[in-house]
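Following: one structure in structure tokens, then a few remarks.
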Amino acid sequence: MQVRFHKMHGLGNDFVVIDARATAPVEMTAARARALADRKTGVGCDQLILLEPSAVADARMRIFNADGSEVEACGNATRCVVSLLGGSARIETVAGLLEGRSADGQVSVELGEPRFDWDAIPLAYAMDTRAMPVAWEELEAPMAANVGNPHVVFFVPETDAVALDRLGPRIETDPLFPARINVNVATVDDRANIRLRVWERGVGLTDACGTGACATAVSAIRAGLVDSPVRVTLPGGPLTIDWAPGRPIVMTGPATHVFTAETDLSAFGADSRG
């Protein structure tokens, strides 16, 4: 089956976007998503995004990590899809309905209200998500938030001093997190600026993670460390996060279209039906 796809990125967090709203249905398996995401033998991406018809929105967005796992939300991908759909769109996801709009070269997306209850993260057992009584070497007492997908946030003196490539996979797969977890290490520079690095569940170290920026910002606001809006700078560049309790998170940042091409999906594995 020949399909058209778009290569896009948000601050270096890159995607293969397949728009199947007006085509024959595209079957996306974990194996096929892994093959397409492979940077040596596939197209290459952090996440594969499949757009399908929706009865309640402009599109239904499904998100597959590079390891083939299907996940609930991706902030950078949402901005890219809003841009692809013309700059104003309502998008159906597993995490809920998201709305976005673009202006002055930036895309803003409402990502819903964060959740902080331990069972909404989810955690394996009850604890205070404002200062979890756990540690992995020098990383200790994280905060936790679910912003459509699960995150822990460690506030540290210097993000670059943390061996996130080593500690990230340990924390991601710890039994405390039954759905695995995205791992954020953040340094608060002042009340308007945070620096952030992210180990993304199912992906690894990434140049940018929109939901990670959101989880970190709302955690810092919750702890009284910063004001809103706050600028969160990742290795790929900055995002602006605006949030107050009782309101949805609004994330603003760029979305870049790199190229459009076609590929034969049969080269990346057979459909499950044969």
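Cβ coordinates come from backbone N, Cα and C, glycine included.
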Which one, N149, N193, is listed by Swiss-Prot in the same substrate site as N13, Q47, N65, G75, N76, N182, E200, R201, G210, T211?
N149
Show which residues of the chain containing N65 (substrate binding site), separated from it by at least 6 in sequence, have their CB under 8 Å from its CB.
A33, A37, D46, Q47, V71, E200, R201, G202, V203
Cα-Cα distance maximum in Å, computed over every pair in N13, Q47, N65, G75, N76, N149, N182, E200, R201, G210, T211 that the record assigns to substrate:
17
Would you pick out, from the binding-site residues N13, N76, N182, the residue whose Cβ has the largest number of other Cβ atoms within 10 Å?
N76
Fewest other Cβ within 10 angstroms of its own Cβ, chosen from the active-site residues C74, C209:
C74
Counting only other Cβ atoms and using a 10 Å cut-off, which of the binding-site residues R201, T211 scores lowest?
R201
Please list, in sequence order, every residue of the chain apart from N13, Q47, N65, G75, N76, N149, N182, E200, R201, G210, T211 whose Cβ lies within 8 Å of the Cβ centroid of the substrate site.
D46, V71, A73, C74, A77, V198, V203, T206, C209, G212
